[in-house]
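Enquirer: Structure below; questions to follow.
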Amino acid sequence: TWMATPINIPSVAAAAKPEEHLPPSEEPQPEHPQTEPPPSEVPPTRAVLGEMRVSSVTPSSVELQWSVPEGPFDSFTLQYRDAQGQPQALPIDGRSRSVTVPGLSPSHRYRFHLDGLRGGKRIDHISTEAITTPVSLSEAPPTENSPAEDHEHEQQQTEAPQVRAVLGELRVSSVTPSSVGLQWSVPEGPFDSFTLQYRDAQGQPQALPIDGGSHSVTVPGLSPSRRYRFHLYGLRGGKRIDHVSTDVITAEPEELLLPSEEPQPERQKTEPPPSEVPPMQAVLGELRVSSVTPSSVGLQWSVPVGLFDSFMLQYQDAQGQPQVLPIDGGSRSVTVP
């Protein structure tokens, strides 16, 4: 009897050993739920930029194209330094796959950085370099180009008559002491993009790239009581197809104070027909920030009820000077450059 007892003791210990191997088999189970949620969340939110290439170059502009193999992105920001070494940033719509960078200097090397943004954060970025052509090349006859370039020019010349693009009249839609609103039509088109060129109060050339689907633009940062001449160029394939011009004189400085002083008499004028206001009620929704760069802010808003004839965005610049941006009533977003 005494001998049977020690024989049973090892058997109990041996039976306990297999139980010791059970915890490792139980440990992988909690690890799986930790790794399973991330894979299910990552694929739908993954966004990747493809290669960025230079599609066309002129003495004063560069056209860039890129792809988005996985996406989408909310917006893009193209950053580069101008000929004076000053940083520049161009906000670009998230659906765009190309942009024309105007206002460049001839025979100058530029490095462009494209950032893909989502939720206000940079998800991915790509870079490329381009050298603008000398001015003499843009003035040289086509015969001085290589045979391949001659063939491209011939194709463009033969395609141009088939896809004619014409700009209508460029007219002024609004004027303030610090901004000018411009509108134009495209009787025949379309254009890939537009470029608005003018000289600022210091005589420095400025260029605003505009999407080909737009037919209006607001030019901010102007000086009061000053004459400006604006040149609108319609581009296709990186080349100017047509252009129109107009002259505008910005309003006097004191006129900027009138809007804050006039609402009281204006309300008195609009008080007699308050019975007409309720059926035409108009309400603004929330104003939110859609994109931010070192030199610009993109804003978006909604109009839950009614229609507005126009909007007015007011702010103070870095020097504390009041700025006003008139915006079309059909717009729901604006980029403050």
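Numbers run from 1 along the shown chain.
Keep in mind that glycine also has a Cβ here, set from the backbone N, Cα and C atoms.
Pasting the relevant annotations from TrEMBL:
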- 17-34: compositional bias 'Basic and acidic residues' (COMPBIAS)
- 48-140: domain 'Fibronectin type-III' (DOMAIN)
- 166-254: domain 'Fibronectin type-III' (DOMAIN)
- 283-337: domain 'Fibronectin type-III' (DOMAIN)
- 1-46: region 'Disordered' (REGION)
- 134-160: region 'Disordered' (REGION)
- 254-279: region 'Disordered' (REGION)
Enquirer: Just to be sure I understand, if DSSP states are collapsed into helix, strand and coil, how many residues of the domain 'Fibronectin type-III' (283-337) fall in each?
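Expert: With helix first, then strand, then coil, the domain 'Fibronectin type-III' (283-337) has 0 helix, 33 strand, 22 coil.
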Enquirer: Give the residue counts of the domain 'Fibronectin type-III' (48-140) per reduced DSSP state, in the order helix, strand, coil.
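Expert: For the domain 'Fibronectin type-III' (48-140), the helix, strand and coil counts are 5 helix, 52 strand, 36 coil.
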